[in-house]
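Novice: This is the structure, below, for whatever I ask next.
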Amino acid sequence: MKFPGSVLASVFLFVAETTAALYLSSTYRSGGDGMWQALTLLFSLLPCALVQLTLLFVHRDFSRDRPLVLLLHLLQLGPLFRCFEVFCIYCQSGHIEEPYVSITKKRQMPKNGFSEEVEKEVGQAEGKLFTHRSAFSRASVIQAFLGSAPQLTLQLYISALQQDVTVGRCLFMVLSLLSIVYGALRCNILAIKIKYDEYDVKVKPLAYVCIFLWRSFEIATRVIVLVLFTSVLKAWVVMVVLINFFSFFLYPWILFWCSGSPFPENIEKALSRVGTTIVLGFLTLLYAGINMFCWSAVQLKINNPDLISKSQNWYRLLVYYMLRFIENAVLLLMWYLYKTDIYMYVCAPLLILQLLVGYCTAILFMLVFYQFFHPCKKLFSSTVSEGFQEWLKCVCCHCRQRKSRESVGKADQRSIGDRDETPSSSKISSVPSQILNTEELCSA
């Protein structure tokens with residue numbers, strides 16, 4: 001049975017970040033910064049409550065008679081209790097023989113064009129561990145993008161205004177960045193397992209390293225760009241955030257309304273129509289929060305029973321990163337034009353270049369992951385290199401057609417010019433002939 005390391009990592013980040021937030025808020029209180037204290041507590045306690053609700057929802061504890069569990073979640077101790085329960089199940093799994101097992105069928109990755117279907121026995125303990133891993137993965141994504149991401153932006157903004165980074169704030173920002181990167185990594189793994197649910201997916205360690213580097217560069221550069229822009233244009237950042245948020249929040253609903261599909265009723269049997277609407281609204285809120293800072297790796301599809309589009313859309317990925325790169329460049333340009341005296345000792349052109357190169361580095365690691373380390377790359381209809389070669393061919397063909405059109409246009413202009421010159425030459429040549437004719441008549 002696989003060691004529940006992901007559960008341990010999720011609980012560690014949850015406890016460490018909450019503890020650091022409480023300590024930092026106490027320092028803000030002692031320093032008389034009431035607004036920073038309130039915002040720090042808000043971005044810490046709100047995701048804590050959402051994590052408790054997520055764990056209760058995934059384990060269906062609302063419909064079960066477990067008052068102690070509900071009390072622990074109410075006291076914000078739910079993740080610690082769940083972690084203790086996970087390790088109890090893991091330690092007892094090898095000592096107790098399970099009378100009932102279920103059989104699952106998974107297809108292996110195709111080899112030489114053929115894919116075999118393998119049956120696997122899954123005991124009750126392993127099934128419970130799978131449920132716990134799934135719950136903690138979703139909780140990590142919620143904590144990362146609804147708590148850690150705005151928290152990191154806030155603390156970096158405070159550091160830029162005060163021109164000082166304390167040890168406690170630096171540690172807190174490092175923990176928040178690790179939480180966001182880990183949440184983005186879990187989002188990638190969840191997307192892969194949902195899209196290729198019928199296959200036995202095994203992610204290699206190098207794939208984790210590549211995703212970690214990709215997400216680290218992408219999120220770090222994005223947060224720094226937002227903080228720099230906010231520090232000089234506070235009013236305009238509200239418009240930028242609202243445009244980004246509502247674009248991604250409304251996009252799945254617009255696709256759903258355009259499809260004409262009926263309202264989904266099969267998300268959870270115990271939920272009413274109002275409850276289903278609340279769950280879908282929360283999912284689109286999370287989807288918008290993820291795409292605010294990085295690529296979500298999934299396309300939310302409300303009219304799909306799984307709520308996730310299983311098709312690999314390279315065009316949407318390309319458009320997202322192109323628009324995000326242009327947006328970052330524009331925000332950095334605005335910061336450079338309106339920067340204040342607090343950036344007097346900062347080499348602005350060098351900083352802009354470093355941030356743009358850092359974002360391009362994130363894109364490079366993403367391409368490396370999809371080309372070499374994606375666990376299901378054999379199922380792709382076309383790889384990244386093949387798509388890049390096709391794009392180069394299209395560009396070359398377009399350039400050749402444009403050159404040929406220009407050469408044909410120049411040839412047509414020359415032929416028209418030659419036609420225009422022909423009658424004038426005939427007129428000129430007729431003049432001496434007329435003179436010769438008059439001379440002949442005079443001599444006669």
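First residue shown is number 1, and so on along the chain.
The backbone N, Cα and C atoms fix where each Cβ goes, glycine too.
Summarising the annotation, TrEMBL assigns compositional bias 'Basic and acidic residues' to 408-422. According to TrEMBL, the compositional bias 'Low complexity' annotation covers 424-433. The region 'Disordered' annotation in TrEMBL covers 408-444. According to TrEMBL, the feature transmembrane segment maps to 36-58, 166-185, 206-229, 235-257, 278-298, 318-338, 350-373.
On this model, are these features tucked inside or out on the surface, and what's nearby?
Specialist: Long-range neighbours of the transmembrane segment (36-58) within the same chain, counting only residues 6 or more positions beyond its ends whose Cβ lies under 8 Å from a Cβ of the stretch, are 14, 17-18, 21-22, 24-25, 28-29, 69-70, 73-74, 76, 78-79, 82, 131, 134-136, 138-139, 142-143, 146-148, 150-151, 154-155, 158.
Residues 9-10, 13, 16-17, 20-21, 23-24, 27, 140-145, 147-149, 151-152, 155-156, 158-159, 208, 211-212, 215-216, 218-220, 223, 290, 293-294 of the same chain lie 6+ residues outside the transmembrane segment (166-185) yet bring a C-beta within less than 8 angstroms of a C-beta in it.
Tertiary proximity for the transmembrane segment (206-229) is limited to same-chain residues at least six positions away from its ends with a CB under 8 Å from its CB atoms, namely 149, 152-153, 156-157, 160, 177, 180-181, 184-185, 188, 236-237, 240, 293-295, 324, 328, 331-332, 334-335, 355, 358-359, 361-363, 365-366, 368-369, 372-375.
Sequence-distant contacts of the transmembrane segment (278-298) (same chain, at least 6 residues past either end, Cβ-Cβ under 8 Å): 141-142, 145-146, 149, 180, 184, 187-188, 190-191, 194-195, 215, 218-219, 222-223, 241, 244-249, 252-253, 264, 267-268, 271, 307-309, 317, 320-321, 366.
Outside the transmembrane segment (318-338), and at least 6 residues removed from its termini, the chain residues within Cβ reach (under 8 Å) are 221-222, 225-226, 228-229, 231-233, 236, 240, 291, 295, 348-349, 352, 355-356, 359-360, 363, 366.
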